[in-house]
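Sending over a structure as structure tokens; questions will come in a sec.
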Amino acid sequence: MATPRGQTVWFGNEFPNDDLKDLFRRLHQHSKDRRFRLLSVFLEESTAILKEEVANLPQQLQELVPHFDTACTLPEVDFRQGPLGAAMESALLTILELGMLIGHYEAEDIEWDLDPSRTILAGLSIGILAGAAVALSSSLADVAKVGAESVRVSFRLGVYVADISTKLEAPQSDGTLQSWAHVVTGMSHEAVQEELSQYNAVTQNPEITKVFVSAADKTSVSVTGPPSRIKAAFQHSPSLRYSKSLPLPVYDGLCHAAHLYSQDDIEIVINSAKSVIPTSRPVRLPLISSQTGKPFAAKTAGELFLEIGTELLTGTIFLDTVTAGILEHVKLQEPTGNYEIVSFRMSQVLNGILTAIETDFPELGRARRDMVSWVHGDYGARRPSSYAASKLAIVGMACRLPGGANDPELFWELLEQGRDTLTTVPPDRFDLNTHYDPTGKTENATQTPFGNFIDRPGYFDAGFFNMSPREAEQTDPMHRLALVTAYEAMEMAGMVPGRTPSTRPNRIGTFYGQASDDWRELNASQNISTYAVPGGERAFANGRINYFFKFSGPSYNIDTACSSGLAAVQAACSALWAGEADTVIAGGLNVITDPDNYAGLGNGHFLSKTGQCKVWDKDADGYCRADGIGSVVIKRLEDAEADNDNILAVILGARTNHSAEAVSITHPHAGAQKANYRQVLHQAGVNPLDVSYVELHGTGTQAGDAVESESVSDVFAPSTPRRRPDQRLYLGAVKSNIGHGEAAAGITSLLKALLVFQKNMIPKHIGIKTEINPIIPKDLERRHVGLAMENTPWPRPAGKKRLAVVNSFGAHGGNTTVLLEDAPERVKVSTQDDRTTHPVVISAKSKKSLQANIEKLLSWLDQNPDANLGDLSYTLCARRMHHSMRFGAAASGIAALQKTLRSWLDNPKASAELRAIPNDTPSVVLTFTGQGAYYSGMGRELLAEFSYFRTEVFQLDQIAQRLGFPSVVPVIDGSIDDGPASPVLTQLSVTVLEIALARFWSHLGIRISAVIGHSLGEYAAFAVAGVISATEALYLVGRRAQLTEERCTQGSHSMLSVRASEDDIEELIAGSPDTAELAYEVCCRNTPQDTVIGGTQESIDSIRQALEKNTIKCTQLDVPFAFHTAQMDPILDSLETLATPITFKAPSIPVLSPLLGSVVFDRKSIHAQYLRRATRETVDFVAAIEAAQDFGLVDAKTIWIDVGPHPICASLVRGIDSSASVISSCRRNEDNLATMSKSLVTLHLAGLTPCWAEYFRPREQEYSLLKLPTYSWNETDYWIPYIGTWTLDKALLKYGEKKAPLSLSMSRPSALRTSLVHQITTETVEATTATLHVLSDMQHPDFLEALHGHRMNNCGVATSSIWSDMAFTVGEYLYRRLVPQAKDVHMNLSDLEVLHAQVALEKKGSVQPLVLKAHLNLSTSSMSLAWFNASAETGECAAESFATCVVRFEDPAAWTREWDRLSHLVLGRIEALEQRAVEGKASKLSKPLAYTLFKNVVDYADRYRGMDQVVLYEHEAVAEVTLVAERHGTWHTPPHWIDSVSHLAGLVMNGSNASNTRDYFYVTPGCSSFRLLNPLKAGGKYRSYVRMFPLPEEANMYAGDVYILEGEQIVGMVGHIRFRRVPRLLMDRFFSPAAASHTEKQLQETAPSATNVKKSTPPPAEAPISVPVAPGNPVAIPLPTASKSQVATPPLTPPSQEDSPGESAVITPATSDRGDSTDAGVVGQCLKVMARETGLEVDALTPDASFVQLGIDSLMSLVLSEKFRAELGIEIKSSLFLECPTIGEMTAWLEEYC
């Protein structure tokens, strides 16, 4: 910009005509950029000063000022209203003018150019205060500092003037504004003054209320005074009344009133400036007084502000004098050149001044500089001035949402198709049959059956996340899926912790919203175990993510009810803006299992009873619950761009507030919502009319829809200013599709908004099922706002960004809003990719996952055949976390890669032979090749591609040149021909290359364990190991080469590589007369069968001929001299002399010495004489490597990297050890990058993960992060079902009242009483249902006798026949209550499961109560039963049953038909068995012998011994049975009769030689059915037949059918009776005499432990009816049980499949038997305990498996150490699991010390 001859800077007293809000928004936005640092400082200081001044106001005035984070947001409200209007207007004008001035200089990047010799400042009224700040400044930084104080004075002046003025005339009562000044035109100043003087004299108004002239010029006069006085004055004076006059926008009082203000007033206003601005600060630029037209006389800041204050309060403005002053300044400037006017837009006053200049100086050039126009400019990518100024980028997302939306793409498909995921509560959550009552009469039952649920909530890859199955099962599914989606979101983001500064683990935090604890409170609480706290407490959801990924940033779990998910995102954003983290993972979690929450929300009238959320529908009646898990990865925009991330959208602002003024805590509040929107808009500096999409909270409630529609329309589509037709605002509400995810609702809405940005489409709204709700504002269409009722394109305008808002409100009153904009448009750098070969790596933590990952990638490639291989390589290598199971390849094209992938998948051995990388990374040895590998261009591609390598080479080359040697770069980059080169150039270029390569390998993250150099290569090895410096190495190599050239003759000697050992060569040469006298020397022992010899050319030629005649391969080396021979003798002394001054240091990396044949660690072994000897003596490569092997420095896993132009040393290593892993750095006739790719893949597969980020860094901005398929999880279902109806049962205990103590006196008569059924406690009979609760005492004589009739381990143990009789008894009783006319009742006792053995107490006189609960439903002809232990002291019933079954009432004719079809088969097997007995092939047992065999496990009382004779063959048997004649009590079917006809199965399992009865015993957990065609007869004769077989799907389990025959007819059957094999050593544990406290203990240990037993589901409580959910889609909803005055126990459901840890007596242990091999020794027993307690298979406990990988953490370590002590008698500390981190180390310790 040319410097003007003179200039005036004009500070007006009016705002520009631009959109004032827009100007301040733009100022605010620019201030966040580092380019505008001083603008940012000025605005921050001005904001701070205004806040300080407001805080000093009286309370009633403070309340008039809205909250503001920056002064730039104050224009968003009508700041001119109220008593502070003048103060705000004055301050904002000062801020705007000074902010625009500062911003102009920073935007244009120009120096401060206001020269006092040619610049004058001028202005009017408040504008003079802005001018004062410039007048006192010598730099732009001064303007920022002093300007803030000018803002203070402006504000104080406005406050003071308004305060004084209201004392002169009160404001209007209706709040309307009245002007305190009018401008009159067409009259002179004198004429106006005369009229006013006359008026003031006639009316005799007090002096201070008079009307006066405040400003005048040639054409106009400003008349000022109290509004009523002005009105009266104009009415009094005909001249004024008929003059041309207009009111001015002066609404807050009087200035320029000498009659009103005194020096004291001026001091009060100006005094504040003195405290900050030194009064001695000099005035640097002249500032014209608007009263005198001359510069203020002040010399210092204090004087200047006082003079300005005096003028503003008491002086009259004379525009003509101001113009004259400016003209005088113009006149003083040089007559040639331009005169510049600097202003803030144009005004009428300024136009007049310009006209005057043009008139008086027509020959003068004129220039204008506008200080406002810059604010509309685009200054490139914003560089935030602070963390708080950053925009935030969302770079990854993942989800598990209803309707199978298990990833974002599936979620989008659901939205695009307009699907509704409504369904009923799945059975795995809770049983609607028992927990649903639409009438609301059943306490704690849900009144709605609807919801939206995710698929397979229990499925989880526990091994991936280092969790044991036991821990996984106890861990809340929400927490598990938080882990999973966090990983998937990171995967989408290409986030590798530690890859970049923004992803350092200590700078990564997690923020998740969670509002319920269903799993902890319901499912996991049924068996509170080791992992109850870490598995269920909310904080662990985040803590587990941080711990697993090793993030040490902040970890917050947030509960703000329904807005928790989005509030977590907002908190995460706040952490980024505060600098507490650099990357955050945020989300929301909700998995529904607890019917209590359904009941609570229903009773609170939150939930719809009719189905899905009907957002904006007139019939909206509440929300529908939904599961949901969502995670996003967020970082600052500048970090995301630097990290080459894919940016899904950008967060401009996020805020949360509370509806404190709502009518109730749960009622929304439009005012609070609007305030929150405005705060977000202010934070971002965004015009609400620029927002084109709002994702509503939209729950579908009458209140919620009404309030949100009002708040959104008022802020984003107000009536005025109204949106244009092309500015339509679209609305959406995802809850219409997938319900209300509660804590996950906000994150779900955010995910939808991100997809809308990605897909450029707004999916259709499906929430209006009937018609739009009439409560919605009627004029929305006129405001150009509405729901997208069809899939609506949402294109991104060219060169612009779309804006969207996401809302989420909490039921507790919280409101969270996030403002989003488009990601920056990315222009991909398009350059030629010189990398012809790319590494491709894929990994997983299991073979199954790896194979699936490869299959997914192959499928993706098939669908994307044009994918860029470089992008794919970059994504898979640099932007993926790598795991232990690995696949890798170096590919030259997509087609070649596809072929490789298919080949791997088609090769079954590939997966079978795959092994995880070792926990300990292999050692790495660098081998440095000698000069024989030299060729031109040996590092060409590396030099061109990698700046790090290039820098290393250039620096080393510079050193070489400074040492006086030629440049080696032309050799390395191939710019010279590949012809003969001097020894100096050859040897230096090889050395430079090798040192640079070694450092490059380190740069790629490869840690070097040792180095070895071959001949010349030793110098590079020494430099890399730190023995000598790189400079010293180059100096020695160069000088040695020069000495060789000077003192040795090229071609006189040569070197020969011979494929034979040294001894073989000597024998052949010595044995031939032609060669015996020839002299040669051994130069190198490269391998046992590879030797290099040297000597004179003649001798070597002859020796070669002799050797080749003996078919020995020989190769003449292309070297000019014979190193390591006598030819080197002339240089040795000089070489040693050159090396003597060098200080040789101890190596930082061990050196393998081919000269010494040892490993060098010290500083004394390598010295000048070493170099002399190494030049002359043999290179014994073999000895060096063998020494390293002996020392343990290298082993079979060691990776050998050949560092040289060609892998010569690599072939030598292979010659010594054929199994060695060797890789190359460079290879002759192969592109360096192809070689490097292959080598890096080899290292990666060996477990030495390269620093892929560095490998791709040179071209990172050219590559794109691809959106590849997600990780393939190796999932198992970890789900603890909710068992029973205890959430309903607890309603029986009102307000903490205890149940009455259990009465066991049996004094009250009972309608039903037998030997086992003692007292009815509850009985409810309806038309088609009946419920019965029975109390019995197992210590009752009849019951106790039945127990002792079946003794195990000297204990009376309840046999299944006891539960069968009780079931038949209750079943017939209840059936006859409902069907009194029934003649015979035929019952099928089905699905009997006994989970805990009932052992008789030993103590006589004790009480051992149990409760039987039964519910019969005639509509299903079934009755569900469950047995519970009860407390003898309190009567409290255990939470979980110990046995369950279902009795089905069936037609016996069907049984007969079934059995008739089978009878010939059964009879045929009986006949075959009896024939085998005749033939002596089967055992025929008498009664005594049979029951003697039975004593192996069970000792039966005589009445139970009904089998007279048994024929037994392996697992098949038939028995003759005679029942005892006595019933011995009151029964339906005596247990001893049932046992007699059925316990043949037990004899087969526990007495057959086909069973291992020495080590095991067999017990039954139940059967699938038990039917009797007719009642058993006293003394009756029967036959029993059974054949048992192992169950293939369940280890250690056997099953069979027991047929009961009377004659030739089948009259009964026990179907699918099961027996489990249990180690005999556990007999004492499971069947020990019970203590008196046994029942109380069982009440606490009620978890089932019959592992892997599939539980059957009881029949529904009532017949279903059809309830419409959506058109054409009826859903069966069961009716609830009717409520009675006496609350009946709800129907029973079967118990959980979960295993108990084994503390309580059980029928089947939670262990897996692997045969005798694992029983032997302490180690085997310990492994069994580990397997049982963790839920792992013993096979998984391999020696190399680490406890971390197995999920054995500190808690499990404590458990295992206690189990070892209690069960095995082994005392070990839990810390042993840290000291011995793998199974192998642990077993070694156990073998050594136990």
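Backbone N, Cα and C atoms are what each Cβ position is placed from, and that goes for glycine too.
Grabbed the feature section from Swiss-Prot, which reads as follows:
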ACT_SITE  CYS562  active site, for beta-ketoacyl synthase activity
ACT_SITE  HIS697  active site, for beta-ketoacyl synthase activity
ACT_SITE  HIS740  active site, for beta-ketoacyl synthase activity
ACT_SITE  HIS1350  active site, proton acceptor
ACT_SITE  ASP1539  active site, proton donor
COMPBIAS  428-440  compositional bias 'Basic and acidic residues'
COMPBIAS  1644-1655  compositional bias 'Polar residues'
DOMAIN    1318-1628  domain 'PKS/mFAS DH'
DOMAIN    1717-1794  domain 'Carrier'
MOD_RES   SER1754  O-(pantetheine 4'-phosphoryl)serine
REGION    19-256  region 'N-terminal acylcarrier protein transacylase domain (SAT)'
REGION    428-448  region 'Disordered'
REGION    927-1230  region 'Malonyl-CoA:ACP transacylase (MAT) domain'
REGION    1314-1633  region 'Product template (PT) domain'
REGION    1318-1454  region 'N-terminal hotdog fold'
REGION    1482-1628  region 'C-terminal hotdog fold'
REGION    1637-1719  region 'Disordered'
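Describe each of these features in terms of where it is and what it packs against.
CYS562 (active site, for beta-ketoacyl synthase activity) counts 30 other C-beta atoms within 10 Å of its own C-beta, drawing on all protein chains shown.
All protein chains shown were included, and the count of other CB atoms within 10 Å of the CB of HIS697 (active site, for beta-ketoacyl synthase activity) stands at 31.
Applying an 8 A CB threshold to same-chain residues 6+ apart, the list for HIS740 (active site, for beta-ketoacyl synthase activity) reads CYS562, CYS613, TYR623, CYS624, ARG625, ALA626, THR699, GLY700. The secondary structure of HIS740 (active site, for beta-ketoacyl synthase activity), as reduced to three states from DSSP, is extended strand.
Around HIS1350 (active site, proton acceptor), the same-chain residues at least 6 positions away in sequence with a Cβ under 8 Å from its Cβ are GLY1356, VAL1357, ALA1358, THR1359, VAL1498, TYR1500, ALA1501, TYR1504, ASP1539.
Counting Cβ atoms from all protein chains shown, ASP1539 (active site, proton donor) has 27 others lying within 10 Å of its own Cβ.
Here the domain 'PKS/mFAS DH' (1318-1628) returns a mean pLDDT of 92 for the predicted model.
Counting only same-chain residues six or more apart in sequence, the Cβ atoms lying under 8 angstroms from the Cβ of SER1754 (O-(pantetheine 4'-phosphoryl)serine) belong to SER1774.
According to DSSP, the secondary structure content of the region 'Disordered' (428-448) in residues is 4 helix, 2 strand, 15 coil.
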Give the three-state DSSP assignment (helix, strand or coil) for HIS697 (active site, for beta-ketoacyl synthase activity).
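HIS697 (active site, for beta-ketoacyl synthase activity) sits in coil per DSSP, no helix or strand.
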